[in-house]
Amino acid sequence: LLLKRLQVLSLHGSCEVGSPPPTLPTVGTNLTDLSLKKKKVTVRELGGCMGPIWPSYFADCFSLIFVVDSANI
């Protein structure tokens, strides 16, 4: 869901995010390509259940973004 919202925002060049839609937990992995300032950025979303394999993705990362769903706390 986060990836889809980022895609929409990058396509429209908007900083206005509006009200949040209902969410579902990420199951497995999701890949999304975004165009930001004429550069392609690939975002890989890993669900919490994928925690044990997160370290295998670090070697190819340039940045990390942690998003925590506060409804799960």
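Every residue gets a Cβ built from N, Cα and C, even glycine.
What TrEMBL records for this protein:
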type	residues	note
BINDING	T26	Mg(2+) binding site
BINDING	G48	GTP binding site
Between the C-alpha atoms of the residue listed as 'GTP binding site' and T26 (Mg(2+) binding site), the distance in angstrom, to the nearest integer, is 7
Helix, strand or coil: which one is T26 (Mg(2+) binding site) in, per DSSP?
coil
At a 10 Å cut-off from the C-beta of T26 (Mg(2+) binding site), count the other C-beta atoms across all protein chains.
18
